[in-house]
Amino acid sequence: MFDGISTQLLFGQVLIGLINGSFYAMLSLGLAIIFGLMSVVNFAHGAQYMLGAFIAWGLLNYLGVPYWGALFIAPVVVGAFGLVMERLILRPIQNLDHLYSLLATFAAVLIIEGLVRQEFGSTGLPYNSPLPGGVNLGFMFMPWYRLWVVVFSIVVCFGTYILIEHTKLGAYLRAANERPEIVESFGINVPRMISLTYAFGVGLAGLGGVLAAPIYQVSPSMGSNLMIVIFAVVVIGGMGSILGAILTGYLIGIVEGLTKVFYPEAANLVIFVIMIFALILRPNGLFSGKEGYK
Amino acid sequence: MTRTLWLGLLLVALIAAPLAIYPVLLMSILCFVIFASSFNLLLGYAGLLCFGHAMFFGTAAYVAGYLLKTYGVSVEVALIAGTLLSAAMGYVVGIISVRRSGIQFAMITLAISQFVYFLLLQAEFTGGEDGMQRIPRSTLFGIFDVSDHMAFYYVTLTVAVLAVAFFYRVVHSPFGEILRAIRDNEPRVESLGFRPERYKILAMTLSAGLAGLAGALKAMVFQFATLTDVSWPISAEVILMTLLGGLGTLTGPMLGAGIVILMNDELAQFGEWALIAQGVILLLVIIFFRRGVVGELSALWRRLRPSPDQNQDRG
Amino acid sequence: MPSDPQPILKVENLEAWYGESKALHGMNFDVREGELVTLIGRNGAGKTSTLRSIMGIVGNRTGSIQFRGKELIRKRTYQIAQEGIAYCPEERAIFASLSVAENMTLPPVLRPGGLSDKDLFEAFPNLHARRKSGGSKLSGGEQQMLAIARILRTGSRFILLDEPSEGLAPVIVKQIGTQILRLKEQGFTIVLVEQNLQFARLVADRHVVVENGQVVDTLTPEDLSADLDRVKTYLGV
């Protein structure tokens, strides 16, 4: 098919790209939801993802709670943590320039990562796959767990998209995104809605962390490196665009995987190169036609 | 008059300082004074939060180190080369990112700096993960031997004084006025017939150049350049220095640089606590003391002084 | 009824700021049950700011706003709405990312007496016909109808209406006037900000004249008819 490149390698890397893309999509989705409503760029998103993974690890190793339990518990715990963060550090500065909320959530990253590293060290901790084995598709071997991650993340991403675009709850969110004070003048507790939305976005990051635990090593720095990539994804997809975040996430993951096949040296760089071109060619992001959720 | 006196005293203190304090620590502070001023020029005066300022700092450190190691150029050539290269980088990054709003600008500059990080990681000349070691301090102007710490301290001090003087000139020039106007009300500046983008790009160029100067100097002070110099924790450190000292105040970020370097030095033995302390301080500054040390002190000073000033302040 | 001596809204020494700039300099007026009161005055006199201050949508405010005996000055916007005040802003604020139906059904039912979705679409059949289109696709008149209609869902009987006639063709203004009069007949209490004197004259029981963020005069409809010239100097027309 391609000269000198086995289909095994090609599909293998596309799968890895799709896996990475699942995390890009889930994280940039949460980031976009939070940004849409609060105009906060949640720098702590990567750290919250890392917390999700650590909570899953802790649940298993200290309390014996298996993966499937952690899949529900960890996002809730991380979401609750988000509630506290919103109240303590975001609400006091909500009327200031949005650069401050970016910096405040960034400060939170230093603290969270520092504390976790102090407690668990810098090296990664192993987390065994809850779905060992896989299936031979003929052209490649597909591990069950990776298949699960891809399918589950697609369900979560598009479920969230439908929730926002096609439900009453989503209508509140879209309306508050446009004119929060008018929604509040209808008698809706918008401050609480903001807190819960932040918690939901953060919970998504925590869920991503649980999904990631069996694939990547559970380590304190797993979030911060990913975070910078997510920023690039969000810039490419258009800030605050829900669908843009999801599609760009998967797309970038696959492009990255393909780059590994054809030009491995550039695999780390390709996302940023795409971002730079996107900035030059599509100054408003690939998917953004107007302000607000789409 | 009193200000000249204070400046004179400060200079005397700086000249005498290495007699009492380890010169490398002092030089490290001076490098970061330049670096923090360069960042302050962008965020404090132009309102641009560059979240990847380390890319200018670190790249210049590598370039200066490479020139010194490979070609044995003299100190001033290495400094100028580092400065110019970073300024050029700043110009290009400015063109790419300056059109985006403040918050996106921060994300984009962070992403570009990560791009630069990976480039330098893969480049042959940087030594990859190991970094570039044993960078020589060559001669100044090809004549003077400045290789020992004491001699090099005075080189560093001179460069720092010149850099701060340059920074002072820039923010007090008409150009600096326009930058502040853009920060406070960009549409208005645009409606007066200026093109804010151009001024922002120029600010990026100047700021990146200064950051490069700091980086090149740092490579000679420590005699090595590593990936840490281009990594995001360094970008974070300069943000902390600037905010802690006092955003948009002339001296604040310099003071902030001193505090953070000394704090890191003290906390170095306590593992992760240095980073945690940085986070806590940054958070406290953002929530409670947004004017920073110098800003809060001068606000306090104004409140304690007799009332005529106070009224002026309100008007 | 106007004979009720006890005002249901009592605004005293209301001052309001947007950041540094002061918009209201001590407003004093009250509104009785079932009354329709207009706020008239020049552009920038503080009419819209008064409505926004009552709803708590300003930077900062001091003074007293009593509604049915409760002090609102420390309450948040959503709490004020839950007390039974509905607000229809000048820009209509129809949400572009929501369909007409979503816009219509967005406000929650806060108390009994709110119109059901069915009632609303019956009362505004043209909105029913366009319920699936995007909020931004409506004409100015339709947007205004929708903006009024949706707040009737909440069941609030006290309505703040900001310049419903603005920018609309005379025939539409007339329709809106009819709607407002019907609301008044049904016993709604309404505070209406209005520049259009002809319109204001037709519907109001009382006119509160606002200048520089203060109330400078209160006129009956008779005053308005008798002394139109004086009123016109108030409005700067």
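One-based numbering along the chain as shown.
Backbone N, Cα and C atoms are what each Cβ position is placed from, and that goes for glycine too.
Keep in mind that what you see is a predicted model, and the values were worked out from it rather than measured.
Database features (TrEMBL):
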- B:6-35: transmembrane segment (TRANSMEM)
- B:42-65: transmembrane segment (TRANSMEM)
- B:77-98: transmembrane segment (TRANSMEM)
- B:105-123: transmembrane segment (TRANSMEM)
- B:151-171: transmembrane segment (TRANSMEM)
- B:201-226: transmembrane segment (TRANSMEM)
- B:238-263: transmembrane segment (TRANSMEM)
- B:270-289: transmembrane segment (TRANSMEM)
If one takes Cβ-Cβ under 8 Å and requires six or more residues beyond its ends, the residues near the transmembrane segment (B:6-35) are 53, 57, 149-150, 152-154, 156-157, 159-161, 163-164, 210-211, 213-215, 217-218, 221-222, 237-238, 241, 253-254, 257-258, 260-262, 265
| task | For the transmembrane segment (B:201-226) and the transmembrane segment (B:238-263), decide whether they are in contact, meaning at least 3 CB pairs lie under 8 A, counting pairs 6 or more apart in sequence. | result | no
Ranked by Cβ pairs within a distance under 8 Å of the transmembrane segment (B:77-98), the first of B:42-65, B:105-123, B:151-171, B:238-263 is B:42-65
Near the transmembrane segment (B:42-65) in space but 6 or more residues beyond its ends, with Cβ under 8 Å, are 35, 78-79, 81-83, 85-86, 89-90, 93, 98, 102-103, 105-107, 109-114, 116-117, 120, 125-126, 132, 135, 171, 176, 179-180, 182-184, 199-200, 203-204, 207-209, 211-220, 224-225, 227-235, 238-239, 242, 247-249, 253
